[in-house]
Amino acid sequence: MPSQVNLAVSNQRDREHNRSRLVKIVNGRLIRDHKIINDDVLYLYNGKIIDPQTYFFTCGDLPDVVIDAKGLLIAPGFIDVQINGAFGVDFSQWHGEEKMRKGIDNVARGLLKYGCTSFIPTLISSEIEIYHKVLPLLKSRKGNKTNGAEILGAHVEGPFIMPSKCGAHEESYLRVASGGFSDFVKVYGLNEGKDQIVKIVTVAPEVEGVLDSVEDLVQTGVTVSLGHSSATVAQAESAVEKGARFITHLFNAMQQFHHRDPGIIGLLGTTRIPRPYYGIICDGIHVHPNSIKMAYDSHPKGAVLVTDAMAAMGLPPGDYALGDIPVRKINDERVEVIENGRLAGSVITIDACVRNFKKSTGCSIVEAVEAATLHPAELLGIQNIKGTLNIGADADLVFLDDDLKIMKCFIAGEEVDI
């Protein structure tokens, strides 16, 4: 019969062999609870931010690794809820399952160097078969050092949008929803519950059948966003009353502001209903800094930074495609449809959006960071595990200098090479 001492040593070895590493981060300035907390300590274990007192009382283990943040800012990992592709990969182009899976993996891993630890791959208006082939590959998937950034599901931008505001979308793919909600089920293959792949759908509320489908979409767990639309402010407010909670790339592909009917943009000034969150592309091309400042001053808690990046992000200037549309990357700031010169997504990265947002608005570091962390998490209803450094949240985080440049990135508690 083994002695009590030998048994205790054996149990300790088993525990050390099976458990994850306990990481302690010291000398950091944590962005937590809407403020910067100086010289705070963070503990990471098993992919989560943990309460050290509870852990030590239960397990009694000392940290395996101590990381000195050397006074850097520590923020939650960034979340991008609208990204069409990157690094030569377009989520709306089908090249066979094996190539698509490899491309999705490459994007997920590549985004980490920009501090993006969670993202929602976005499909623009496409043929039905594209949705049915691609969407099953975009199921929610945990992020880690091998997989890269976490996939939170899919954003389908179209095809239930207005032809007059289709932007770089192929007009022949656009549809009406004359059959109501059943048309959305047919096009996307929607299902209910936690396995819902589609997390965000961008629609124009004035398109036939769309407004009457908003409540059903919300019931299936989809966040309804308004965009690519000529909607009046009354139509936009009706959509929000039915459950729409987001505006797709504010100011772009929508009726421009008019003092008698401000359209979708007017939702930022409504007092009659809850104001929705709004996506905004801070690349210096899609939205003038003055307009960004106006939106922020109107509704600071609603700002959600998005890249709207396409396949040319991370690649040199040249000819590429957005879905089936030939586009040209002019430089590291601008991409145009070759045929007509329209803007065709962006090539900005999410960390650059954060820096540009702060510069354009004059907001605080905390407010700039929250527009790429807490606000998108709140939009998706996952603010307890994403977009925060609170106990119990996923251990996805970034180290930033005072210029908001990425110095380190962690996914599921593990540091990655950037």
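Using the three backbone atoms N, Cα and C, a Cβ is placed for every residue, glycine included.
Positions annotated as domain 'Amidohydrolase-related' by TrEMBL: 74-414.
Per TrEMBL, Zn(2+) binding site is recorded for E157, H228, H249. Taking a C-beta cut-off of under 8 angstroms and a sequence separation of 6 or more, E157 (Zn(2+) binding site) has the following same-chain neighbours: Q82, N84, T122, L123, I124, S125, H169, T202, G227, H228, T248.
Taking a C-beta cut-off of under 8 angstroms and a sequence separation of 6 or more, R260 (substrate binding site) has no same-chain neighbours. Among the features that TrEMBL reports, substrate binding site is placed at A168, N252, A253, R260, H286, L343, A344, G345.
If you look up TrEMBL, you'll see D308 marked as active site, proton donor/acceptor.
Within 8 A of the CB centroid of the Zn(2+) site residues E157, H228, H249, the other residues of that chain are Q82, I124, G158, I161, G167, T202, S225, G227, T248, N252, A253, D308.
Between the CA atoms of N252 (substrate binding site) and D308 (active site, proton donor/acceptor) there is a gap of 11 Å. In sequence order, G167, A168, M310, L322, I325, V327, V335, E336, V337 are the residues near A344 (substrate binding site), counting only same-chain partners six or more apart with C-beta under 8 A. Predicted-model confidence for the domain 'Amidohydrolase-related' (74-414) is 96, expressed as mean pLDDT.
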